[in-house]
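Have a look at the structure below before the remarks.
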Amino acid sequence: MENAAPPIADRLPVALAAIGAFAFGLAAYLLGQSDNWDLANYHWYDGWAWLTGRGDADLAAAQLQTYFNPLLPAAQYALLSTLPPALGTFALGAVQGLNLALIYVIARALLPERSRVLVVAIACVGTTGATQLGELGATFGDNLLTLLLLGAIALAVGRVDRPRAIAVGLVAGAAVGIKLTVAPFAAGIVIALPLLASGRRDAIALFACAALAALAGFLATGGFWMFELAQRYGNPVFPLFGAWFGGEYAPPGDLRDYRFLPRGTLQWLFYPLAWADTPRIVSEEWFLDLRVPFAFLAVLALPLWWRRAASPRLRYVLVALGIGYLGWLALFGYYRYLAVVEMLAPVVFVAALGAIPVSKKATSIFVGIVLALVAVTTKPPDWGRLPGYGERYVEVAVPDVPDLDRATVIFADNGALAYLVASFPRTTRFVRVGGNLMGPPLPEWGMDREAARRIAAADGPLYALLGNADTARAEAALARHRLMLDANACRSVHANLQHRRPAPTLCALTRDATPAPAGASLDDPPEPRA
């Protein structure tokens with residue numbers, strides 16, 4: 001087993017944490033308040049609903065994403081609903097800026113022969129990638145979960161014994177419990193840990209300690225939510241993997257998003273090189289970031305330098321990230337989820353160059369050129385920002401319509417509108433009949449039938465909340481439930497998060513009184529109450 005990592009000035013990581021927090025907090029403030037689709041669709045709603053004990057009062061208000069772990073959205077909602085928007089944005093950016101210190105600690109452990117100035121520069125380049133800058137001060141969470149993943153790696157490369165392995169596992173597992181998309185990287189962090197062991201018995205002990213601790217960490221942050229989903233729907237990861245669990249609420253197909261997975265052998269083998277030229281294959285929004293492609297090229301040259309990469313710490317990080325990357329490639333292919341690799345890519349690239357037998361001077365010059373090139377060419381994705389700060393993070397003007405406090409409001413399209421729910425009367429109920437989880441073109445399944453039961457049982461007025469100007473899809477979803485829009489009774493809902501999208505409309509609904517066609521489904525819901 002390795003001894004403690006090379007000495008590091010105790011104050012430098014602390015200083016970098018302070019500098020990173022202030023610099024990235026200020027940058028987030030200057031960029032402006034986030035106005036991203038995920039915030040409008042589920043970040044705000046999920047946090048609010050969990051903190052206020054909304055429970056099962058609404059049905060799939062935030063579409064499929066309603067059923068994600070609410071822990072991180074709740075923390076962000078508590079912060080952003082309490083602080084003024086400018087200060088809340090600064091605070092989020094400040095927390096995200098702490099990645100700088102963690103990258104420095106890891107880089108210093110892997111590159112002990114490099115000057116501190118260069119290691120700080122590497123950390124700065126790692127912390128200013130497209131994902132970090134695009135999400136700065138925003139609610140996505142990818143560059144918040146990196147704090148746990150980087151923290152686990154920093155613990156591992158600092159010194160490894162059984163207590164430290166337990167800490168590594170706890171931190172990595174906790175990250176997965178909060179957000180399942182980091183699972184491949186947490187798995188890599190744990191699986192690669194035996195590379196730091198002094199022998200076979202020690203390797204088994206380290207892995208066992210880390211794996212059991214990872215399970216405990218996962219259950220600590222995700223177990224409560226999995227239990228709730230299992231109680232409600234018979235599936236602890238509802239609505240995913242429904243075929244495994246079966247039951248009334250098993251979705252009619254695989255709900256995974258396959259849009260960003262590699263296509264063809266060349267993409268499977270060389271995906272980072274493919275997205276360097278065509279970034280939209282891994283993201284909805286255009287971006288440019290050469291960090292991972294350069295690190296990937298360094299990995300392709302492994303036969304030239306692997307034997308010289310004598311440090312078990314470096315081998316550990318390479319294997320951990322490699323396992324994570326392969327899992328990410330097979331499951332997601334979505335660039336935002338690769339945040340931890342983006343942050344450590346400059347470290348990997350410089351470590352690889354240091355292992356190649358060329359002069360130190362030539363290596364230093366080349367490293368400087370590449371780091372500068374990567375830094376100046378980075379273009380983050382534009383997820384949306386508001387032009388200015390208001391009085392509250394979310395501002396909604398709910399129209400004055402009859403009996404809204406007794407109403408059931410129907411989401412009938414795929415608009416990102418769940419954030420509006422928190423501004424309606426607390427007694428208003430929300431039911432989804434269209435979107436990415438239910439309604440046409442998806443076949444009818446248990447959630448459609450649950451929606452039908454709730455609509456039939458509603459004893460107040462019915463309204464539809466629409467986010468798209470084209471109402472054809474919404475009308476098809478409503479028709480499945482024998483509901484019709486009253487086009488003459490629609491009111492606009494004005495909200496700050498609609499800056500880049502048309503204002504939603506709240507429209508009265510009427511029930512179709514014509515006899516149901518032969519073979520009508522939805523389990524023939526009961527007649528509506530008078």
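Using the three backbone atoms N, Cα and C, a Cβ is placed for every residue, glycine included.
Automatic prediction, not curation, is the source of TrEMBL annotations.
Residues or ranges marked as transmembrane segment by TrEMBL: 12-32 (among others). Listed by sequence, the residues of this chain that lie at least six past the ends of the transmembrane segment (12-32) yet keep a Cβ under 8 A from its Cβ atoms are 86, 89-101, 104-105, 116, 120, 123, 127, 133, 136-137, 385-389.
If you look up TrEMBL, you'll see 86-105 (among others) marked as transmembrane segment.
Among residues of the same chain six or more beyond the transmembrane segment (117-134), those with a C-beta under 8 A of the stretch's C-beta atoms are 16, 20, 24, 27, 96-97, 99-101, 103-104, 107-108, 111, 142-143, 285, 287-289, 291, 335-336, 338-339, 342-347, 350, 364, 367, 371, 374-375, 378-383. The transmembrane segment feature in TrEMBL is assigned to 117-134 (among others).
Same-chain residues lying 6+ beyond the ends of the transmembrane segment (140-158) with a Cβ under 8 Å from its Cβ atoms: 4-5, 36, 38, 43, 72, 76, 95-96, 98-99, 102-103, 105-106, 109-110, 131-132, 164-165, 167-169, 171-172, 174-175, 178-179, 181-182, 185-186, 189, 193, 196, 313, 316-317, 320, 336-337, 339-340, 343-344, 383. Residues or ranges marked as transmembrane segment by TrEMBL: 140-158 (among others).
If you look up TrEMBL, you'll see 165-197 (among others) marked as transmembrane segment.
Residues or ranges marked as transmembrane segment in TrEMBL: 203-227 (among others).
Taken from TrEMBL, the feature transmembrane segment covers 313-331 (among others). Through the fold, the transmembrane segment (313-331) approaches residues 2, 5, 106, 109-110, 153, 156-157, 183-189, 191-193, 195-196, 261-262, 268, 271, 299, 337-338, 340-341, 344, 347-348, 351 of its own chain, all at least 6 residues removed from its boundaries and within a Cβ separation under 8 Å.
The transmembrane segment feature in TrEMBL is assigned to 362-378 (among others).
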Spatial neighbours of the transmembrane segment (203-227) far in sequence, C-beta under 8 Å, 6+ residues away: 69-71, 160, 162, 165-178, 180, 186, 190-191, 193-194, 196-197, 236-237
